[in-house]
């Protein structure tokens, strides 16, 4: 464990040095191909850094933060776009924080976020909103700890264990991203958007993936994949004299899901060090196709004034996500024992925190 901690410190020192180079040198190069060329060594470094780690959670979190999100942000920065670009330039601490962590600065009313611009979709009385049940950060930590302590993968039926993994994944992602928000908010004093918006109340796949689950990934994919592909598809449809506004988003949605699948395959490779079986990519391709079909069906039914009530659509949506996640998304992790390793790592961390708390209380 001590050796892994040293490796983790070395990895993040390299990340900090790379971002300092980006801030002080690469940012001075004119945006475009030249700046992109200057950042190629950073892209390479951020891609191989997770290979220096061996434990499941530090490897997965580092790969998610750096290999995926930071690389995509730097790709946008190459062309003067994305959260790292601004006029005047951001301060070094803010630049590093936005590059390193999966955070998104909350936009004011003058420049509303994409999430707010989508509220009109649910304004129809047909699409009633489900009740609110916000879980605050301490509640999520408590529920996560109870689940980790309660899971007995040696005695409990595998399907029950897999079902609990979906809850654990939700809590883990929200806790990690919530901690990042708390750290950045406390140190820099900026207001940040929440990492998710009650995904357990999703009433459609469009609602789940676009407006509720892991909003940082949704935002970065929107700017790096969805918008460029949509622009291309609009150009093609104009040449073909088709209705570009109606059909242009669909290829962009599919490509965004494919890219997300490939990035998850890469993260799973870092965690398991086993060649990909492409089940994770199939999971995202399946959801991309189903979302496109849902988009078409919903437009047809809403035009006729009918759609499923949230009490029916919600369980169907979450049920589909959970079943397909158990079938395709979690299978590579379970097959290679990464789930057991992750749970054991969580228990070690929980024990260390418990021991430290007891020692603190005794010292008082």
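Glycine is treated like the rest: Cβ placed from N, Cα and C.
Copied over from TrEMBL, here are the features:
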- 198-285: domain 'Wax synthase' (DOMAIN)
- 7-26: transmembrane segment (TRANSMEM)
- 38-57: transmembrane segment (TRANSMEM)
- 64-84: transmembrane segment (TRANSMEM)
- 160-184: transmembrane segment (TRANSMEM)
- 247-271: transmembrane segment (TRANSMEM)
- 278-297: transmembrane segment (TRANSMEM)
- 309-330: transmembrane segment (TRANSMEM)
Tally of residues which DSSP labels helix, strand or coil - the domain 'Wax synthase' (198-285): 71 helix, 0 strand, 17 coil
Integer mean pLDDT for the domain 'Wax synthase' (198-285): 89
The transmembrane segment (309-330) touching the transmembrane segment (160-184) per 3+ Cβ pairs under 8 Å rule: yes
Within-chain partners of the transmembrane segment (7-26) [C-beta distance under 8 Å, separation at least 6 from its ends]: 35, 38-39, 42, 45-46, 49-50, 52-54, 58, 62, 66, 70, 74, 77, 92, 95-96, 99-100
Positions whose Cβ lies under 8 angstroms from the transmembrane segment (38-57), at least six residues beyond its ends: 4, 7-8, 10-11, 14-15, 18, 21-22, 25-26, 29, 63, 66-67, 70-71, 74-75, 77-78, 267, 270-271, 338, 341-342, 345-346
